[in-house]
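*Asks:* Have a look at this one.
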Amino acid sequence: MVVGHLNGYALEVTLTAANSAAQAWYGYDQGVISGILISSDFINTFPQTKDADIQGITASCFSLGNLVGCLLAAIFGDRLGRKNTLRVGAAVSAVGAILQFSATTFPMLIVGRVINGFGNGMTSSTCGIYQAESCRGARRGKLSVIVVLHNVIFYMIGSWLTLGCSFSDSGIQWRLPLAIQLVPCIVLVTLLTFLPESPRWLLMHDRTDEAHEALRRYLGKDLTHDDPAVMKELMSISGAIEIERRSQISFKEVILQRDRSGHLKRLLLGCGTQFMQQFGGINALNYYFPIILENSIGMSEFMARILTGCNATSYAISSALCFWMIERFGRRSLMMTGAALQFFAYLMVAIAVALLATAPSQWGAVAITFLFFYYAAFGCTWGMVPWVYQAEVNSLAMRTKGAAAATATNWLFGFVCTQFTPVGIRDIGYRFYIIFACFNLVFIFVVYFLYPETSNRTLEDLDAYFDIDSPHRTIIRIGDKVAKQGQRPLEAIEAEQLRIEAATTGKDYDVAKGHTTHIEQVSEA
């Protein structure tokens, strides 16, 4: 088998590695910028960053760039395809990285960070779709976790790297960490040459032969085109696309909820996971963890860097646990449990910071302990699940727009949290942490009543769940076991059999009646 024709497990590994490289930028930037903002040479080169408002702009402008990148992916992503969108995003990010590490003026640095954000927005909103559309259903959740995990791994690498570079007295303190952003870019572009396009995207664009070949390669080693597993998957996806095409409407009609596939509801669920991730409080910590340790708890710069690196390491270990947990416990349980633990962590941090003046060392230790606890809870729950959920919940026709909208939501509210954290800590002290505790408490109930389980479902199962004739409603009833159960529901298995029958016999699948009828009969009616 030549490397240009990878298939089965080898192709799955290469796909996951490429998407992991695309996801790594985001976490690496958080780890690097949090250490750079307190680096002496960086402050000497850009003295304006001593101001809390300018600190916020320096960190958050990357999020604004990402927001624009997500919108670009939504507009052009379906035309370009998954692979070409990733290539364009990588090229744009490389330009931004070069501008950053070679910056001699503050405006040049900011422009570089914004351009870097443009590219990262395109890649971060596309890599999850590419992964979800190309993986086998049984392994989709775990492999998607591996992709998102590289966000955290590179956050850890960035945190320790800035500590190591801080021992230099020159521009290496910050220029070298920023230059290393080019490494994931090179890896991504190289690995894409060995990968076929998403089979679902190919089928959506009527490139059936290419989709058939891509499915054959993705589903297993040395399968033939007429292998039953390949034909079953091809027919199931084709049937789901045909159902969507018969009810396809404009984006305006989606917004007005005139479609039968629940597109708007599904788009909002994906956006909601990203909103809750951000207002769960993660970016209030990620970009400013060393600053919080210095200003709120009174640590020295060196100790703040050490603790940031240690926290990033425990965060990565916790996030890795999600690989084992996400299919075993499901998306809903992880989100609700995570929100409860994060509420408790932020409440304890607020109490500790409020009482810090009475016993600095004791309450400082409590605050640090629960900051670590927060990261551990977030890593194996909200750190991973939103990225997986948003790629699963949207229909094929809306998957690019839905994922771009969800990722744009992440960046928009990430910008809000990042921009105002330094000012919030300065002006309202411990009360700033109470805000995030309250948000997390509310999110427990939001997930319980609005978010159906997506684990152990095919992407086509979810299309049937959200269909207008489905018995399931927007607000999940307490007795609705299908919406909550982790195992694949019987109704989903039966619906898949009907879709395959419709695609192979020329019959039309009727979602409402749960059976197939001849297309000629439907047209006459």
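Cβ atoms are placed via backbone N, Cα and C, with glycine included.
Feature table excerpt (TrEMBL):
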type: DOMAIN; residues: 15-455; note: domain 'Major facilitator superfamily (MFS) profile'
type: TRANSMEM; residues: 54-77; note: transmembrane segment
type: TRANSMEM; residues: 143-162; note: transmembrane segment
type: TRANSMEM; residues: 174-195; note: transmembrane segment
type: TRANSMEM; residues: 302-326; note: transmembrane segment
type: TRANSMEM; residues: 338-357; note: transmembrane segment
type: TRANSMEM; residues: 363-389; note: transmembrane segment
type: TRANSMEM; residues: 432-451; note: transmembrane segment
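Each of these features: where is it, how hidden is it, and who are its neighbours?
*Replies:* Proximity of distant same-chain residues to the transmembrane segment (54-77), defined by a Cβ-Cβ separation under 8 Å and at least 6 residues beyond the stretch ends, is recorded for 26, 29, 33, 37, 46, 48, 85, 89, 92, 96, 109-110, 113-126, 283, 287-288, 291, 400-401, 403-405, 407-408, 410-412, 414-415, 418-423.
Cβ atoms under 8 Å from those of the transmembrane segment (143-162) belong to residues 12, 16, 19-32, 34-36, 39, 127-128, 131-132, 135, 173-174, 176-177, 180, 184, 286, 305, 308-309, 311-313, 315-316, 319-320, 322-323, 326, 379, 383-384, 387-388, 391 of the same chain, restricted to positions at least 6 beyond its ends.
Remote same-chain partners of the transmembrane segment (174-195), defined as residues 6 or more beyond its termini with a Cβ less than 8 Å from a stretch Cβ, comprise 3-4, 6, 11, 14-15, 17-18, 21-22, 24-25, 28-29, 32, 35-36, 39, 41-42, 83, 86-87, 90-91, 93-94, 97-98, 100-102, 116, 123, 154, 158, 161-162, 165.
Distant neighbours of the transmembrane segment (363-389): 23, 128, 132, 141, 144-145, 147-149, 151-152, 269-270, 273-274, 276-277, 280-282, 285, 289, 292-293, 296-299, 307, 310-311, 314-319, 321-322, 325-326, 331, 334-335, 337-339, 341-342, 345-346, 348-349, 351-353, 355-356, 406, 410, 451, 454; these residues of the same chain sit at least 6 beyond its ends, with a Cβ under 8 Å from one of its Cβ atoms.
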